[in-house]
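Undergrad: Shown below is the structure under consideration.
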Ligand SMILES: CSC[C@H]1O[C@H](OP(=O)(O)O)[C@H](O)[C@@H]1O
């Protein structure tokens, strides 16, 4: 049964509009945003209207293309200045997911390579469009391959816990941590998925539960503080999570709460797998201490998710959007190039050979 998954980031056929699935109104509403300017795309990334490391990279690639396309520059130097201004601006939208910077840097490399060959501004614009499409198309293939590698570690009927949303809407298609769930469902693995709601923004409750329900997967929503009991009761045989940045020693930044899940998995002797496209592995980061953790606004914690306020208006709030799971807690890091096991200092580097 082929899974029918929604596309969360798409450049419209007119090539002037980036169409984004607005992830802040799911699951109640399925709405799409038509964005044309770098400012609109910056805001969509910052406000998590488009979210998930790979999806952020794809949106930024199309965003910098659209900005460059609107440039009135008549020579390559002016055009490059316009491109660089947009690239540097989009790079300020969120700090943790390395895919944002990986995608923007890749777009700049393509522009420089193309400029070596061609000084025609229109041709350079077309080269940027080509590269943005390639980033998106490759991500779909990468996610599917991650799913195939991950599936070799799983068995039919397994209970799987996941945290946040590393699903199809966080990528070009399939997702990373949810890719094996989708592929397994197509092969009747009949997984039982436990989705952490993932406070404060509830990506698990609002997005993962929604995605998997749509795909006919057996998904059970739990509060974050229930992860221990489902593990203790033997309901979970594996944990699968995504990532936003993996350091060269395997320390992994992912949605806040992930490190707690990893500690629980270690305690209950349950394998903890990180699903990581190579585009999310940052060998420039020695370890987790080198990863900038985004801090977000108080209202995300105190906001009205119900009819009444969640907490006193003026209460002090600490709202780190991510945390770092120590490499010692990670059983394996599953990539499109294969599965990396400790010692990650060596195994991750080998994936790039
Ligand atoms: C394949 S998505 C990876 C990662 O991105 C999410 O963060 P956010 O929702 O803030 O963009 C989450 O950490 C996912 O695991």
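Backbone N, Cα and C atoms are what each Cβ position is placed from, and that goes for glycine too.
According to TrEMBL, the protein carries these features:
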type     : residues                      : note
BINDING  : 51, 52, 53, 94, 203, 254, 255 : substrate binding site
COILED   : 104-138                       : coiled coil
SITE     : 164                           : site 'Transition state stabilizer'
ACT_SITE : 244                           : active site, proton donor
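Situate these features within the shown structure.
TA: For residue 53 (substrate binding site), applying a Cβ distance below 8 Å and a minimum sequence separation of six or more within one chain yields 97, 98, 99, 100, 170, 242, 243, 244, 245, 277, 279, 280.
Within the chain, the coiled coil (104-138) has long-range Cβ neighbours (under 8 A, six or more residues past its boundaries) at 9, 11, 15, 57-58, 60-62, 64-65, 68-69, 71, 73-76, 79-80, 83-84, 87, 90-91, 172.
Listed in sequence order, the residues of the same chain lying 6 or more apart from residue 164 (site 'Transition state stabilizer') and placing their CB within less than 8 Å of its CB are 196, 198, 203, 204, 208, 241, 242, 254, 255, 257, 258.
Annotation note: residue 244 (active site, proton donor) sits in a coil segment as assigned by DSSP.
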Undergrad: What other residues of this chain sit with their CB within 8 A of the center of the CB atoms of 51, 52, 53, 94, 203, 254, 255, the recorded substrate site?
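TA: Everything else in range on the chain: 48, 56, 97, 164, 165, 166, 170, 242, 244, 321, 322.
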Undergrad: By a simple count, how many Cβ atoms lie within 10 Å of the Cβ of residue 203 (substrate binding site), its own Cβ left out?
TA: 27
Undergrad: Name the secondary structure element type, per DSSP in three states, that contains residue 52 (substrate binding site).
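TA: Where residue 52 (substrate binding site) sits, the three-state DSSP reduction gives coil.
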